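Chemist: Straight from TrEMBL, here's the annotation block:
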{"type": "DOMAIN", "residues": "33-426", "note": "domain 'Amino acid transporter transmembrane'"}
{"type": "TRANSMEM", "residues": "39-59", "note": "transmembrane segment"}
{"type": "TRANSMEM", "residues": "65-88", "note": "transmembrane segment"}
{"type": "TRANSMEM", "residues": "109-127", "note": "transmembrane segment"}
{"type": "TRANSMEM", "residues": "147-163", "note": "transmembrane segment"}
{"type": "TRANSMEM", "residues": "170-194", "note": "transmembrane segment"}
{"type": "TRANSMEM", "residues": "221-242", "note": "transmembrane segment"}
{"type": "TRANSMEM", "residues": "254-277", "note": "transmembrane segment"}
{"type": "TRANSMEM", "residues": "297-320", "note": "transmembrane segment"}
{"type": "TRANSMEM", "residues": "341-360", "note": "transmembrane segment"}
{"type": "TRANSMEM", "residues": "366-390", "note": "transmembrane segment"}
{"type": "TRANSMEM", "residues": "402-424", "note": "transmembrane segment"}
Amino acid sequence: MPYRKESEVGEVRPMVQDFERRKEAEGEAAFHRLGWKRLTIVLIVEAIALGSLSLPGAFASLGMILGVILSLFLGGLAMYTSFVIGNLKLKHPDITHYADVGRLMFGRVGFEVMSFMFVLQLIFIVGSHVLTGKIMWGTLTENGTCSIAFGVVSAIILFLLAIPPSFAEIAILGYIDFVSIIAAILITIIATGIRASNQDGGLSAINWSAYPKENVSLAEAFIAICNIVFAYSFALCQFSFMDEMHTPSEFPKSILALGIIEIVIYTLTGAFVYAFVGLDVKSPALLSAGPLVSKVAFGIALPVIFISGSINTTVIARYIHGRAFRNSVVRFVNTPMGWGTWLALDAIITVIAWVIAEAIPFFSDLLAISSSLFISGFTFYLPAIMWFMFLKEGKWYERKNWLYSGLNILCFFIGIVVLGVGTYSSVWDIKQHYADGKVGTPFSCDPVR
């Protein structure tokens, strides 16, 4: 009898090993299906959300000329730093998420610090989509019920859309997402343009200006600048997305396509809506289109609110799940254990994001602080450091490196300025909201203000 049991164990072990090898091969295939076209769509999903409709408010503070210049300039720099990130990924294929760059730069301490920054910022972004969902449901129903219920519904939708573990699968939803945001933006531009034309005095009566608004403070101006900076913050998830590419060397096509699309959308949206509404433009600008049209626009924008939010949950879950099951077939999410742990992790992330968004009455300002602290690095000064540490060939002051050295010094400087002045401005904004009585209460049924 003991001999038989030992024999049975010996027969089972190869079967288990064969099963794991098969699942690992299937997982590797499933997680490397992303081509450059799908990568472009996934980047669009992550990058272009209703935040693009906060840019008219930024133009209102900065004026038309400075708003357009900064949108073009910062968009171009963000494209460049994304090329730096992509080239580092090609040089170090073992980098799977942005957190891995911390280890490459500063060892274990750098890895843990950047992991914290990476996960916290993405959770905050998911929380911001919970709040945007609350605003949308409140607008559609004219605040027909407790806003906490709207938050719960938004969180559930975000959870369900984050279930697919592969970015290639999310790319399919990305086409819906892209059509949704383009349609919402066009409706907003057309509706505000018609309203402006029909008012007394027509377009000439709109109080927009080519120059910054009168008496604008440093904090107000820099909050507007930060809104433009954060609009171009797609670098955060680029390593994660590129890790699924079957031909990573084709990434420049995706960055170029995304960069051009973003710059055109952001600049035209900011300029047109500001010109049609003026200094009284609301954020998001959908709310400036009138009660009925804003409902229509929010309804059309529903996919982008939740698809763009859920992809951040997927990135967090992929990072944590892959780290927890690094040497196990479970990491491929194609076994019962893999699916069970994946769904549990998705649920935990979504609940944490919902709780943070509901419990912190100044959450939107807290998101601005975290973005100043973290996005300034992920998009600007960290890629600059990457170039100097890992991609530079020869001395930085050699003639062949003059252009790239100058660009990276500029990116580093901008990142540090956003880090310092942006954080100061966000803290100032929180104090101002408290002074004006605009800060709500935790877990309140009141509409989001």
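Just so it is clear, glycine is given a Cβ too, placed from its N, Cα and C backbone atoms.
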Chemist: Taking a Cβ cut-off under 8 Å, which residues six or more beyond the ends of the transmembrane segment (170-194) line up next to it in the same chain?
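Modeler: Answer is 34, 38-39, 41-42, 44-45, 48-50, 52-53, 161, 164, 265, 268-269, 272-273, 276-277, 285-286, 288-290, 293, 296-298, 300-304, 307-308, 310-311, 314.
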Chemist: Counting only pairs at least 6 apart in sequence, do the transmembrane segment (341-360) and the transmembrane segment (39-59) share 3+ Cβ pairs under 8 Å?
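Modeler: Not in contact, no.
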Chemist: Could you name the stretch, out of 109-127, 297-320, 366-390, with the greatest number of CB pairs under 8 A to the transmembrane segment (65-88)?
Modeler: 366-390
Chemist: With contact taken as 3 or more Cβ pairs under 8 angstroms (pairs 6 or more apart in sequence), are the transmembrane segment (109-127) and the transmembrane segment (254-277) in contact?
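Modeler: No, the transmembrane segment (109-127) and the transmembrane segment (254-277) are not in contact.
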Chemist: Could you check whether the transmembrane segment (366-390) packs against the transmembrane segment (254-277) - three or more CB pairs closer than 8 Å, residues at least 6 apart in sequence?
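Modeler: No, the transmembrane segment (366-390) does not contact the transmembrane segment (254-277).
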Chemist: Find the member of 39-59, 254-277, 297-320 that has more C-beta pairs under 8 Å to the transmembrane segment (221-242) than any other listed stretch.
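Modeler: Comparing 39-59, 254-277, 297-320 against the transmembrane segment (221-242), the winner is 39-59.
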